[in-house]
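> I have a structure I would like to understand better, so I am pasting it below and will then ask my questions one at a time.
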């Protein structure tokens, strides 16, 4: 009987806690409803106008990005094209690739997906054979390399797959996280944790290259397939 008494007392405590929680929720809802009731027609109309203005601004920004070639992963044909494209957009990701490097095709697939998702960033690809001067200027020596640019200046590089877990099977989300770490996309996840991967596997240091002239024009492949 003593056991039944303990159970009854425990049930009563739980019931009281539940009632208290329900009361808090009810009070919060009453408070929000009261706030809405106190908003006059003029204030409500002002809120609607602000919301509509924000929506119009967002739509205009989207159209501007699309007019500049955002929203798709595109190939450019020359160094001159590169400088023009970078000049037009605040955020740019450019894949320096070579046709014979297998890992470039892996990056192509992921970048095509991210280009559609992140309209705020322009996604490009450029064949290194068509851009010898630019590759020297940016120290592009390993293929594939992603140059990450903001306001016309190179912010960072993703060289090979080192920052992506040293695996060909990295996810699109992992590349998205890496680009977010360099602030070239609007990333909404947790930058402290690479998605779906072990933090230890990635480490914390990213490969960054300085803007210096290199001696040779030979490109090293990060892929086993040439």
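In case you wondered, yes, glycine gets a Cβ from its N, Cα and C as well.
Straight from Swiss-Prot, here's the annotation block:
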{"type": "DOMAIN", "residues": "75-180", "note": "domain 'Thioredoxin'"}
{"type": "MOD_RES", "residues": "188", "note": "phosphoserine"}
{"type": "MOD_RES", "residues": "221", "note": "phosphoserine"}
{"type": "MOD_RES", "residues": "223", "note": "phosphoserine"}
> Could you give me the DSSP helix, strand and coil counts for the domain 'Thioredoxin' (75-180)?
47 helix, 29 strand, 30 coil
> So what sits near residue 188 (phosphoserine) in its own chain, CB-to-CB under 8 Å and at least six residues off in sequence?
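Listed in sequence order, there are none.
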> Mind looking up the mean pLDDT for the domain 'Thioredoxin' (75-180) in the predicted model?
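Averaged over the domain 'Thioredoxin' (75-180), the predicted model reaches a pLDDT of 97.
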> What three-state class does DSSP give residue 188 (phosphoserine)?
coil
